Every structure is written in structure tokens, then in C-alpha cells.
């Protein structure tokens, strides 16, 4: 696999996130082949036809309504399939129904002979990334979740608006669960090497209460958007496109994705969001940022919360019987 061109993507799930992701791939000229799988075959046929009409403005690409068997020679399978988060519902409320969907999808993808990389975006993403690893039997590095990539983008954008700097020049991360127990790594947030906490103090941008409020607006952004329009999909779609490009082009880009935890942060046997080098083999190398004591406690708490849910779910025979890892 290391020597072949990584240009074929199979998307499973043609809902709001999936179709937005497909549109992002077309707009950005990412991948040479895109197959779309969904229970609603006509929807995938319609989207494939509609998307193909944009190719004359972007770059050549084969786009089609696919079946699970088409994943056999794919380089990347992207999972957006799952029940959507409803108003007032947390990502963790989705666990069991989306575990069932994930088990079914992953089993069918693996049965096709697929040997590439799994990229998981369905929620709760850290738990479903773990489940994809368990159900697939794949090496840990070849199962990647979108993790805190969207949260980090939201964080950088919120900071950029406050300090009047291009968001791409803000170096800051959200880590932990993609959800309510996530946290901001303020100890390493900086612009051009200047810590943002110091910048705030010197330039009178934000006081302590405003800093807390800014983070909370980032953490709770999905709830706000869901209450207004029913779902979030544009931001995560572009985040997935960015991760896709890093994998297909073997970029070795540092991105905040959902990574298997081996005890580096006092957390084991689960996936959590942290920066990692991402390339053709998936997670090439996790980057373990040295956290301060408060941040370490938050990472441990986030992991403990997810691990408890994982253990409870996988104690059930319907999931335990499908485990390959």
C-alpha cells in the first residue's frame, strides 16, 4: 500500500455531513474517485449525478453510487453513517444506536477485502472510532477519528476574531473527547511563539471570565447550531476533507484527530482527540503535548468518562461477539 497512489475514497453515509463532505472533496479537487454508499440508493445516485456537474469547474473525478463491495480496493473509507444528534441530545446519548450501525457497516467493509484507512466522523466520534477499531481487527494507526479537529478550528476562529489575527496563524488545540468533557490547551496556545494568555494580559484583550466564556462558546457551539438549524455539517465536512488530503497525499500533517490512548496521559484503551502526524498510514505518530497539571486532570477525566461508556457497551453480547481486536 505504501507505494500506490492513494486516491480512491468510499463514503458511507450520505446525510448532511456526508454530502457536504463529498461537495468539499469536489470543490478542493481531493481524490480521483469517490463512491457513495447509503441505505437510500436513489439519494446517492442523485448526489453522484449532481456532484459530477461541478467537475467541469474543478478537476476530473469519478463519482458514483457505490456498494460495500466497491471498498475492496479503496484507500480510504469515511464513515459518517449514523443517527443524527437531536436538539437537547448529547453526543454520548447516541452511543448504542450508532454502535449498531457502526458494527454493521464495518463488518461489511472488512468483508469486501478493504485494506486501507478508516476515517470516522459519526458521533460520538471517539467511541465509534474505538468501535471501528474493535470491529475491524485493523491496526490502531489505520483507524482515525475526526476527533477534536472541528473543535480546534472553532477555537482558533474564536481566538482569531478576538485578537484580530488570521485563524491559520493561531496555534492552539482542543483535546480530549469531541464533546462536553473536551478542554482547551491554554498552556501551549500561542501566536508566533507568544503565549495567548500573556498576549491577553499585555494587550487587555480578554479577562479571565471572558476566557472561560470563549471556551464555553467553542465547547457548546454544536448545541447552538443544532438549536438554530437542526444539524452541523459544513465545518466538520471541511475538517474531514483536510484529514482526507493529509492521508491521500501522505502529507505527515499535524492534525488534532482521535487517537488510540496507550497510557501517555493516564488513559488507556480508548480513543481521544490529540495532535498527531497524519499520513498515508493513518496516524503516523501521536504527538504528546506536555500538559500542565490541570490539563492532565481534564484529559484523564475525559478518558475515564468515555472508557466507562465503552466498557458498559462492550459488556453486551451483541457488541462483544463482534470484537476482532
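Yeah, the Cβs are placed from backbone N, Cα and C, and that goes for glycine too.
With 17, 38, 43, 68, 82, 83, 121, 122, 123 listed by Swiss-Prot as binding NAD(+), the candidate from 146, 149, 169 annotated for that site turns out to be 146. Listed in sequence order, the recorded positions near residue 151 (substrate binding site) (C-alpha within 10 Å of its C-alpha) are 178, out of 82, 121, 178. According to DSSP, residue 171 (beta-D-fructose 1,6-bisphosphate binding site) sits within a strand segment. Across the residues annotated as binding NAD(+) (17, 38, 43, 68, 82, 83, 121, 122, 123, 146), the two Cα atoms farthest apart lie 24 Å from each other. The two recorded residues residue 17 (NAD(+) binding site) and residue 85 (substrate binding site) have their Cα atoms spaced 12 Å from each other. Of all the binding-site residues listed (85, 123, 232), 123 sits in the most crowded Cβ setting, with the most other Cβ atoms within 10 Å.
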